[in-house]
Amino acid sequence: MLVLGIESSCDETGLALYDTQRGLLAHALHSQIAMHREYGGVVPELASRDHIRRALPLLDEVMIQSGTHRDDIDAIAFTQGPGLAGALLVGASIANALALAWNKPTIGIHHLEGHLLSPLLVDAPPPFPFIALLVSGGHTQLMRVTDVGVYETLGETLDDAAGEAFDKTAKLIGLGYPGGPEVSRLAETGTPGAVVLPRPMLHSGDLDFSFSGLKTAVLTQMKKFEAAKLEGDALERAKADLARGFVDAAVDVLVAKSLAALKQTKLKRLVVAGGVGANRQLRAALSAAAAKRGFDVHYPDLALCTDNGAMIALAGALRLGRWPEQANTDYAFTVKPRWDLASLAR
C-alpha cells in the first residue's frame, strides 16, 4: 500500500510517500521559522496562507523524487488534529481535493499518533509494546503503547508542555525564535551546577509533569541578574549558566518520569518522539540511563523529530492496513484543533 501523507498542523508543511513494502520513498518539508521569527512566535493566519503556497510544490517534489505517478497512490492521509484550526483546514482541504480528483480514499490522522509511531520509520524499529515519551511544543505525555491504536495515558503535563517551557525560557533570557534550540545551544556553554533550579513534581509519586514553576524560577533568576546590575560578559555568562540550569532541570524530570513509567509497567523499551526529542542533552541522559538500567531507547531520525508528512503517511498506512473501514470515500471532513490521543484507544 502506497500512502501520501500531508502534515499542516502548525508551522511546517510536510508531504511524504510511504509504502508498506518499500518503506519511506520520499519526504519534503518547508519550515516557516524565518517568516514567524520577526513576530517572536507563530502567527496562525500567516501559517495557513503559507501552507496554501507550499503544499502543491512539495507534492511535485516528492512525486518526482520517488518516481511516483498519481495512479500508484492507494490513499491520502492528512493531519486532522490537534493543531491550529486554519492550518489543519488547509491540509485537509488539499488532501480531500486531491483524493476527489484522483479517486482515492482519505484518512484523517492524529498528529501525536504520527509522532508516536515515527520511530517505526528507522531501519530497526522497536517492537510493541513500549513506553512513549511524547515531548513537543504543545504536548508532554507518557503513553503505554501496546499496538497501533492501543494507547494508555500514564502521565501528562498539568500546565505547560516541555517544549513550551523551553520556548518561554528562551524569551525570558532574551534569545531568538525558535526558542527551544536556542536555549539548548546556550546551555551547552553554561557551567553545570552554577544555577540550580527546582525539579517540579520530581517526587510527586505519579507520572504527571508540571513546567510552569520552572519557567517562573527562570523569571525570578533573571530579575536577580537585573537587580545585581549584571551586564556585558558577566550577564552573558550568567544567562548561559541559567540556560544550563533550566535544561538540566527539565531533562532530569523527563528522564525520571520515563524511568518510573518503565518500572511501573515492567517494560524494557522507551520511544521518544516530538520536537524536544531532538534535544542532545535529553538524548544523552536517556542513553546513559538506558546503559545503566538495561532498557532500550529509540528515537526517530533527527530530521523526523519535527512535524513532517512521513509520520502521517506511516500512520495512515498502518491504520488502513488494520482497519480498512476507516477509509473515507465521500470526501466530507472535519478538523479537530483539540483532540485527546487516548480517545483513539480501541
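A Cβ is built for glycine as well, from the same backbone N, Cα and C atoms used for every other residue.
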| Pick from ASP123, ASP167, ASP296: which one does Swiss-Prot list with LEU134, VAL135, SER136, GLY137, GLY138, GLY180, ASN279 for the same substrate site? | ASP167
| query | Looking at Swiss-Prot, HIS111, HIS115 are annotated for Fe cation. Which of ASP252, ASP301, ASP307 sits in that same site? | reply | ASP307
| message | Other residues near the Fe cation site, CB within 8 A of the CB centroid of HIS111, HIS115, ASP307? | response | GLU7, SER9, THR79, LEU112, GLY114, SER136, GLY274, ASN308, MET311, ILE312
| request: For SER136 (substrate binding site), list the number of other Cβ atoms lying within 10 Å of its Cβ atom. | output: 24
| remark: Expressed in Å to no decimal places, the gap between the Cα atoms of HIS115 (Fe cation binding site) and LEU134 (substrate binding site) is 7
| query | Near ASP167 (substrate binding site), which residues of its own chain have a C-beta under 8 A away, given they sit six or more steps off in sequence? | reply | GLY41, GLY137, TYR177, PRO178, GLY179, GLY180
| remark: Cβ proximity for GLY138 (substrate binding site), under 8 A, sequence spacing 6+, ordered by residue number, returns PRO82, ALA161, GLY163, GLU164
| note | Judged by other C-beta atoms within 10 Å of its C-beta, the most isolated of the binding-site residues HIS111, LEU134, GLY137, GLY180, ASP307 is GLY137
